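Undergrad: Dumping the structure here so I can ask a few things about it.
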């Protein structure tokens, strides 16, 4: 399982109700259902992912996150999770508002554009970074709103969002102490647990 | 068992083969929503697959407006057409008859053998005609429940329906919450829109204004309001297709005549689409009963899932215990994806288990009958969990 998905599991209570935005093939919800008796539903737009999620017994609703979460009532979930999808949204800040309206708590993970490799790539080559992790060129990338750890925390500050927990995953795909000491420089993926 | 030995025709390994309809007679009165009761009634039905020992693999198929019991297979080797949902029911198909026991019935009020307006009214000895009691969707659920008891099934693995059939499936989930594990609702809605009711009213007016209608007593007059019924079907048919679908299927192709200037042709010009609609209308008017059409469209119009729950669908769905699968089709404007999404949103708010897909298709409302690859994929994927619940390993 992707390391950010492993990392966030302790933040999700047993028997809780989880909405997973951009649930992919449903791996996280399947694991949470088996190990924590979580009842959840995923939102997904990719047809193949939807079929895979359905086939593994995960409930999934075909939904474009760019239309917002107007279909869902206030506080209808204990936890709203969005992993590695923030940067693909047209209005990420509005979706975060919506997540905090629909869920009591939220978990957001995103690729940290402040990582030294991105800085080096841009600074040294003068071109938009392309990596194994983010293999797209600037014109065809689904990732249209990159941000850094600092940017995200500034947004939380601006919106009075409480950061209950945060962590970064380093280049070795682990939660290295060094990366967590310099998250904006050494964190590849940032992981935030937030609430209103 | 209605199922004949497997077909010798090996052309379609995924067909249930040759099937034969059966008939059951119920002697006890069936209390109806309108306050009246049917003193006795017949149900014509077909079954596919085998009921397992603990009777846990039953699936009920609910048919739509013009549907009937013949959902899959053929009645004879030379049958030109298969059942109306042959695309989805059969060995290896989404509703897999190697695993499930499938019951498909002709609803009461229908005109394919179950008690309906063409049956004899025991009080008069004449056909019921317009005197047949008005039906609500829940009356069909009640009669389907009698069938369930007949087979000794205490819980369906699923109740499945498209369009008006989906409305019955949802009614099942509210009326008999313990009697089904899954409710699969395809191209349906919690109630019709004003536009939908308007189209139904045009269809009804076409029938009732046919001079051969005789206030619905056409059988006593030895006539049939064929013209009106054909018109009703033609209007209905347009609403089941999408603009793109019609464009692809017919375009502006001509069946007869010549539109070019100075062609000198004196053959009347007929577009393909005209010919098609006329054929559909005529075929339908020769095989369907006008009073049944009126009755079915009324039941559709009156259906309102949440009416008795303070018009709150969330409150309504709180009574359900089963899991739901909802599907819609992008170009379906008769039962638009937005109507399906309302179902899904209410189910989520009611804290129910629900999955939803919006299938890209250019076939309009008719798409639910067509084996569109992605539709089949998600249907298969969802049915896999039903199979797993029955202990089938995959």
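Every residue, even glycine, has its Cβ placed from backbone N, Cα and C.
Because the structure is a prediction, the values reported are computed rather than measured.
Heads up, here are the entries from TrEMBL:
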- B:59-369: domain 'AB hydrolase-1' (DOMAIN)
- B:163: active site, nucleophile (ACT_SITE)
- B:233, B:366: substrate binding site (BINDING)
- B:332: active site (ACT_SITE)
- B:334: site 'Important for acyl-CoA specificity' (SITE)
- B:365: active site (ACT_SITE)
Undergrad: Using a 10 Å radius around its CB, how many other CB atoms surround residue B:366 (substrate binding site)?
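TA: Around the Cβ of residue B:366 (substrate binding site), 21 other Cβ atoms lie within 10 Å.
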Undergrad: Would you list, in sequence order, the recorded positions among B:163, B:233, B:365, B:366 whose CA lies within 10 Å of the CA of residue B:332 (active site)?
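TA: Matched recorded positions: B:365, B:366, sequence order.
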Undergrad: Please compute the mean pLDDT of the model over the domain 'AB hydrolase-1' (B:59-369).
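TA: Averaging the confidence scores along the domain 'AB hydrolase-1' (B:59-369) gives 96.
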Undergrad: Measuring Cα to Cα, how far is residue B:163 (active site, nucleophile) from residue B:334 (site 'Important for acyl-CoA specificity') in Å?
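TA: Computed Cα spacing between residue B:163 (active site, nucleophile) and residue B:334 (site 'Important for acyl-CoA specificity') is 9 Å.
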Undergrad: If H, G and I count as helix, E and B as strand, and all else as coil, what does DSSP give for residue B:233 (substrate binding site)?
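TA: The three-state answer is helix.
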Undergrad: Relative to the Cβ position of the residue listed as 'active site, nucleophile', how many further Cβ atoms are located within 10 Å?
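TA: A count of 27.
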Undergrad: Using the alpha carbons only, what distance in Å do you get between residue B:366 (substrate binding site) and residue B:334 (site 'Important for acyl-CoA specificity') once rounded?
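TA: Pair distance, Cα basis, whole Å: 10 Å.
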Undergrad: Do you know offhand how many angstrom separate residue B:334 (site 'Important for acyl-CoA specificity') and residue B:233 (substrate binding site) by C-alpha?
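TA: Distance between the two Cα atoms comes out at 14 Å.
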Undergrad: Quick one: Cα separation, residue B:233 (substrate binding site) versus residue B:365 (active site), in Å?
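TA: Between the alpha carbons of residue B:233 (substrate binding site) and residue B:365 (active site) there are 14 Å.
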